[in-house]
């Protein structure tokens, strides 16, 4: 999936639609897009377009179930806080105690409301693992790109040369101080994607009809997992909804659906054009296919430099919620030694490096994270929570939809994870 970044809170002034649309684009369009052409190569053109559209529809439905669950929980809190004032033992005054209710509800809160501590722990764990998976994908891309240019050093050497400066960036403990890194990263991202699109369409005639396939049953589990990776937004849907001004929240769902439709079109266009441009030679990271040209500007190099810089800047932003949660969990005392915090952050950065050594291919890591954690977060948990929380007022139609989403999640997780593990072991 793209970057999982916290939505910027809606500020004063400006069109709320522009803010929410830009937040959605920033949240969904990230490094995962670079693996889509290879995914289309594995699945076939028509199969990829159909599966991507299907996953988009089901993912949006599942994410909006979480929004519905939020408002059910808020309604329950309000009812619980409307308490009768007792004047004495024999009479009850009709007055009500009203307390200020915090409407900031996280995905973990939804899990807690449905299944208690086990629900919260499951969601927190899956979010942490997927977040670390995204960071590992960044490291794979940067190390592969650098080693392709500087042939005197290996991919492994590039990887471990990056870890110390990245560890230094993770020591920043104020998220607002990381905002410039996120902004710079997004600017370079969109610049790079635009150039890749231009290269793809410029080379479209070269491989469009060579070894082209439309369907591939063997490639289905892989593509399904990658598609879920790209659309997994369950962990941030409530942050996106909270970022909207109260007056515009009734329109959030419509705007979200329309924006995701555009994102889906971009995903399919990017993946299909990349595959049609390079055919069976499409690599797991499309930028590795970009040719070096003689001239005043080497756009292939420009794209790779932009993306490397973008992902390097985004890494500490993505690590931030992981380190913050672990420090709250394990550094319970305010008098804890600063060394403990350093060890936690250093351990996180080191662990991402080790994972990249074990799972060195970008596409395999996307599929593994998508099939396991992202499927759990995107399909299985939303449907389960909705069934549990709305058990007293749910319709038969909605029950069928929830079970459909749950079933797709279970089947997709089993097939996708099995296929991804086979690829990891074989590579």
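Cβ coordinates come from backbone N, Cα and C, glycine included.
Unlike curated entries, TrEMBL annotations are predicted automatically.
Bear in mind that the values here come from a model prediction, so they are computed numbers and not experimental data.
Annotated domain 'Amino acid transporter transmembrane' per TrEMBL: 21-72, 104-418, in sequence order. Marked as transmembrane segment by TrEMBL: 20-40, 46-67, 125-143, 178-199, 219-240, 260-279, 299-322, 365-387, 399-418.
If you look at the transmembrane segment (125-143) against the transmembrane segment (399-418), you find fewer than three C-beta pairs under 8 angstroms, all six or more positions apart, and that falls short of contact. Here the domain 'Amino acid transporter transmembrane' (21-72) is broken down by DSSP into helix, strand and coil counts: 49 helix, 0 strand, 3 coil. Here the transmembrane segment (399-418) lies next to the transmembrane segment (219-240) in space: the count of CB pairs under 8 Å, restricted to residues six or more apart, reaches at least 3. When Cβ distances are compared across the two stretches, the transmembrane segment (178-199) makes contact with the transmembrane segment (260-279), since 3 or more pairs at least 6 residues apart fall below 8 angstroms.
Spatially, the transmembrane segment (219-240) is adjacent to the transmembrane segment (365-387); three or more Cβ-Cβ distances between them are under 8 Å for residues at least 6 apart in sequence.
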